[in-house]
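Data block below; observations after.
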Amino acid sequence: MARLAERLSFLYQPYVLAVVSIGYVMGELGHYLIGVTSKAIAMDLHYGDIACQLNNTNYHLSELPDLCHTANNSETCLSFNINGTYYCEWNYNGLGIDYQILAGPSFMAVFTIMGVILGFAADKFNRVRMLTICTVIFGVAIILCGIVKEYWHLVVLRMIVAAGESGCNPLATGILTDIFPEEKRALVMSIFNWGIYGGYGLAFPVGKYIPRLNIADSGWRSVYYGTGLIAIIIAVLTGLTLREPARQSISEGDQETTVKTKKRQMVWAVIKDPRIIMLALAASLRHCGGMCFAYNCDLYYQTYFPDYDLSWWLFAVTIVIGSIGVVIGGIISDKIVAKMGVRSRLAVLAISQIIATPGSFGAVYLGPVWAMVTLGISYFFAEMWFGILFAILVEIVPLQVRSTTVGIFLFVMNNIGGNLPILVDPVSRAIGYRESLYIFFAGFYGISSIMFFLTMFLMEGPQKEAPTPLAKELGHDNKIFTTADESSLATLPKRTAYPNIHIERPYMHESSRL
């Protein structure tokens with residue numbers, strides 16, 4: 001049995017990646033389901049805006065004598081008809097400030113605070129056990145979302161979901177970076193952080209079509225029951241089959257701290273690092289653009305193209321095209337960083353977001369067909385960002401404060417990027433819903449790409465090997481030096497046994513660990 005376990009040990013790494021990634025997918029599915037089910041929930045719980053909407057999908061907008069959204073009151077709305085068939089309804093549309101608070105701030109308020117707390121805890125306690133507990137918490141809370149009777153019930157439960165899910169990234173990031181080698185790190189982090197987009201993409205078909213089955217007469221509530229149940233199953237697998245890995249040093253900063261000072265780096269020294277500050281600001285704007293579209297895309301397309309069902313298109317774009325972009329981004333970054341250092345990851349990051357910006361604009365500006373085409377192009381490049389970003393982060397942060405830094409970084413990124421989408425509602429009332437997405441979706445993509453590019457110049461490039469007397473202690477193999485002085489060897493006669501010459505090898509920094 002022990003021999004069999006040893007033979008199958010090579011499967012442990014991908015198994016850990018699969019378990020923590022699926023758990024993350026379930027957490028993000030519970031997070032983003034609100035954007036797809038909001039209209040059904042609003043009709044049930046009575047929150048948000050009431051508007052005139054198309055109620056008969058047998059008609060295309062081009063066939064309607066009057067568009068529903070032009071009606072400002074229920075009487076006008078309910079009077080629109082074609083040969084006696086009334087095609088508009090005056091009902092809750094799932095939008096409004098109530099929805100924006102429910103989708104964004106109520107979730108992020110807890111998510112960001114708990115992320116920092118759990119990040120600190122992850123540097124001290126067993127991460128596998130903590131991840132198990134967090135997964136149970138958000139799994140149970142998602143199930144309870146299916147039994148709510150009041151709007152405030154949903155707000156409270158989304159806070160609990162946020163508290164549990166906030167531990168997924170800092171805890172799993174620490175576990176994965178300790179069991180995977182550096183050359184695979186960006187790809188692994190990209191696959192794991194794909195959970196955000198996996199959960200987001202699954203939300204469209206799950207939130208749209210499962211309620212239509214009306215399983216056990218539960219309607220929209222059934223999707224929350226199922227999502228929470230799967231999360232609890234993953235929590236059981238996490239707790240019973242994963243083991244806490246040994247904490248390993250992965251960056252030059254770790255080596256310098258160990259060799260020179262042997263002391264723990266202060267968190268404040270990391271926080272005030274200009275590279276971290278710039279990365280956090282750029283990531284916050286990029287995150288805001290993604291969150292704005294995630295929270296509003298289904299409701300946006302329902303508002304502007306109510307005669308088109310784009311759920312499967314959105315699923316395909318986010319899951320298939322986005323997944324390809326995630327993997328390719330990680331592979332490209334890993335291949336380049338081995339030769340050019342961490343700065344090259346930022347180059348890949350900046351270029352990918354610059355290319356994604358025009359497509360994000362087209363996804364809002366164009367009609368349904370071309371909107372999906374340009375959205376697919378945008379997603380292919382845009383979704384490279386998250387895994388590469390966190391691979392950069394863990395490579396420039398010392399081991400001792402890695403999880404803490406990830407927690408603080410997420411706190412800043414989610415507070416700014418997660419709460420700014422609340423401005424979509426007031427801005428849309430002033431200049432229009434579509435125009436507000438131009439600013440917060442496409443506009444913030446473009447700004448973040450410029451900031452990522454500028455951050456690249458703050459990073460150290462590949463360094464020349466600097467000799468120090470510590471190589472023998474650390475065991476580095478410095479291949480640019482010979483084991484003897486070549487000029488001395490040249491003076492020795494041919495066919496003569498050379499003496500055993502030993503020269504101390506100088507220490508050098510490995511340029512791939514920045």
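Using N, Cα and C of the backbone, Cβ positions are placed for all residues, glycine too.
Annotated in TrEMBL:
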type     : residues : note
DOMAIN   : 16-460   : domain 'Major facilitator superfamily (MFS) profile'
TRANSMEM : 12-34    : transmembrane segment
TRANSMEM : 101-122  : transmembrane segment
TRANSMEM : 128-148  : transmembrane segment
TRANSMEM : 186-203  : transmembrane segment
TRANSMEM : 223-242  : transmembrane segment
TRANSMEM : 312-334  : transmembrane segment
TRANSMEM : 346-366  : transmembrane segment
TRANSMEM : 372-394  : transmembrane segment
TRANSMEM : 436-458  : transmembrane segment
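Looking at 128-148, 186-203, 312-334, 346-366, 436-458, the range that has the most CB pairs within less than 8 A of the transmembrane segment (12-34) turns out to be 186-203. Looking just at the domain 'Major facilitator superfamily (MFS) profile' (16-460), the mean pLDDT is 84.
Sequence-distant residue pairs (6 or more apart) of the transmembrane segment (223-242) and the transmembrane segment (101-122) include fewer than 3 whose Cβ atoms are under 8 Å, leaving the two stretches without contact. If you look at the transmembrane segment (128-148), the same-chain residues 6 or more away from its ends with a CB under 8 A from one of its CBs are 20, 23, 26-27, 30, 45, 118, 121-122, 154, 157-158, 160-168, 171-172, 175, 218, 221-225, 227-232, 234-235, 238-239, 242-244. Same-chain residues lying 6+ beyond the ends of the transmembrane segment (436-458) with a Cβ under 8 Å from its Cβ atoms: 274-275, 278-279, 281-283, 285-286, 288-289, 292-293, 296, 300, 343, 346-347, 349-350, 353-354, 356-357, 360-361, 363-365, 378, 382, 420-421, 423-424, 427-428. With a cut-off of 8 Å between Cβ atoms, the residues of this chain six or more beyond the transmembrane segment (186-203) that come close are 17, 20-33, 35-36, 168-169, 172-173, 176-177, 180, 294, 314-315, 317-319, 322-323, 326-327, 329-331, 333-334, 337, 345, 383-384, 386-388, 390-391, 394.
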